[in-house]
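The region 'Disordered' feature in TrEMBL is assigned to 1-54, 107-139. According to TrEMBL, the feature compositional bias 'Polar residues' maps to 33-45. Per TrEMBL, compositional bias 'Acidic residues' is recorded for 111-125. Positions annotated as domain 'Calpain catalytic' by TrEMBL: 140-323. Positions annotated as active site by TrEMBL: Cys169.
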Amino acid sequence: MEGKTPQRAVDMFWKSFHTKAPGKGKEEHSRSIPDNSKADWNSNHRNSKQESAEASYEAAAANCRAKVAKIVQDCRRVNLKYRDPHFNIEFDLKFGQRDCLESLDNAATEPETDEESKDEDEDEAQSGPPGHQFSPRSAKRVTEIFTRPQFYIKGPTADDVKQGRDGDCWLMAALCALSFKKGLIEKLCVAHDQDIGVYGFVFYRDGEWISEIIDDFLYLTKANYDDFQMDRLTFDELEYRNPQEAYKRMFQTNSNSLYFAKCGHPQETWLPLLEKCYAKAHGDYAAIEGGWTGEGIEDLTGGVASYIFATDILDKAGPTRSL
């Protein structure tokens with residue numbers, strides 16, 4: 001390629017890889033990842049298989065149960081509770097990373113001078129980053145928050161559902177609707193161990209059921225007693241005998257202390273854990289802010305939602321019997 005311009009040399013190099021007529025690529029040249037056995041297997045099996053929604057659910061549920069059982073076994077062997085390495089909200093909050101809150105919503109910014117960066121750092125320390133203003137103050141385990149935690153109390157019902165500070169009313173509405181048919185919500189959480197702190201859920205996404213695993217840390221609205229600073233001094237004056245225990249009992253105990261969704265019963269835990277797992281499956285809590293109830297129902301059932309306008313109903317007494 002001597003004597004050619006750099007661009008001409010590049011064009012000549014790539015010319016051997018181009019074709020002037022459309023057609024199917026040969027097997028040895030059409031691999032996206034050459035000599036990768038996993039990619040070959042996926043291309044030959046995963047994309048071409050025809051699988052019913054029921055079979056997909058059973059496979060995801062079995063996979064979820066196996067993962068939870070393995071985690072329980074490993075944790076008991078070393079005498080430790082489970083901590084999710086991929087969605088560690090306690091670590092994320094303590095070090096100000098916010099990956100579990102809004103990692104997918106990081107906006108690109110223009111280069112800044114040192115003085116501008118310093119001013120913005122001071123502002124962020126007080127008001128948080130731009131965009132979503134989630135501001136949980138602490139994170140604790142279920143067994144630290146609830147005095148007598150139970151996953152279900154008389155089963156999941158619409159009365160259990162209380163939206164938190166995330167804009168996921170569409171998901172809450174979907175759960176309320178599903179609660180009227182017994183067994184639908186129960187199918188989502190297929191395995192858990194409260195002592196170990198591990199919970200496994202399944203959701204329908206991208207045409208198939210998937211499994212997701214979380215630990216039992218949940219966000220709280222109030223900071224820990226040791227981090228309460230000036231307000232803590234006022235509290236110490238009011239409760240001088242055992243202020244730390246009194247503070248925890250008042251601000252960090254049972255359902256009302258949770259930052260995001262909570263159950264109506266002070267000891268019930270299924271809703272905040274399901275919401276957390278759903279947020280993890282989509283990236284973070286900000287990712288599930290804003291949506292459509294029909295989409296939520298599809299994600300929770302594997303079905304296809306249909307919308308009916310109330311003004312289009314012919315017989316007002318009919319829908320109750322037919323739906």
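Backbone N, Cα and C define each Cβ position, glycine as well.
TrEMBL: automatically predicted annotations, no manual curation.
Each residue in the domain 'Calpain catalytic' (140-323) has a pLDDT score, and their mean in this model is 91.
Just so you know, the Cβ of Cys169 (active site) picks up 15 other Cβ atoms within 10 Å once every protein chain is counted.
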